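See below for the structure under consideration.
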Amino acid sequence: MVRDATTEVVEGMIQLTDTILNAPMESLSQEQLISTGGVWEACEQVSNLPRDNQAAVVSSLAACLGVVKDAVEEMEHALVEGQDPYGDIMEDEELGFRGNRDTYWSEADRQLLSSCMGLMKASKACLKKVLAAVKAHGKAESPEQIAQLDDLADIANEISPSVDELALSMYPPVNPLAVRLNAAKLASVLKKVLEIAKTSHVCPPSEDSWVQFLTGAVDHNMNKVKNFTQGQL
């Protein structure tokens, strides 16, 4: 984060210097004003940088949580909309309807998707709990603590892409094998997050209960996905 912020300040200064050098003497162009504003903005970001690794990991986890929340809400909305998740973007203007069943969810699809939604909600809950634990117990005073925070941030960054891949495979026409593979990938990432959190300093014994609960929730939903797809592979 420090490196990126510093790069933005330096690049902003280079751009501003170029506009000044390329402008007529003693003139103030629109480009100079825009470049000056860019430098101010970059400098303000520096003043808002996290002061240590604990704060940096909190910031990173919060960003991941925001993206996953959006993905969960989007999929919940699509499922509530009814049988046609593409209704708002693929309406046939001339006919007023479509007869392609590949754009609809079957009842079997919906049973499978309910377990996938369980995994997606577990992802949100996992990030929420890990974020709270890092805020409450996270420290960056020793190399070991910093390494544990780094490991947590690295694995947590894999949750959002895995959620997105699962969500994309949930849209019709549903391929049960693709859904199962993506669900298994997300479940594996979540189990790693919970395992790393449990063995780190951010999870004292008082935090054990939610780690066990979420581990059970991930296993439960993944087993349901396996059962629903067993006869369709």
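Glycine is treated like the rest: Cβ placed from N, Cα and C.
Taken from TrEMBL, the feature domain 'Cyclin-D1-binding protein 1-like N-terminal' applies to 2-79. As annotated by TrEMBL, domain 'Cyclin-D1-binding protein 1-like C-terminal' applies to 91-195.
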Tally the residues of the domain 'Cyclin-D1-binding protein 1-like N-terminal' (2-79) by DSSP class, grouping H, G and I as helix, E and B as strand, and everything else as coil.
66 helix, 0 strand, 12 coil
Could you break down the residues of the domain 'Cyclin-D1-binding protein 1-like C-terminal' (91-195) into DSSP helix, strand and coil, giving a count for each?
79 helix, 0 strand, 26 coil
Taken over the domain 'Cyclin-D1-binding protein 1-like N-terminal' (2-79), the model's mean pLDDT:
92
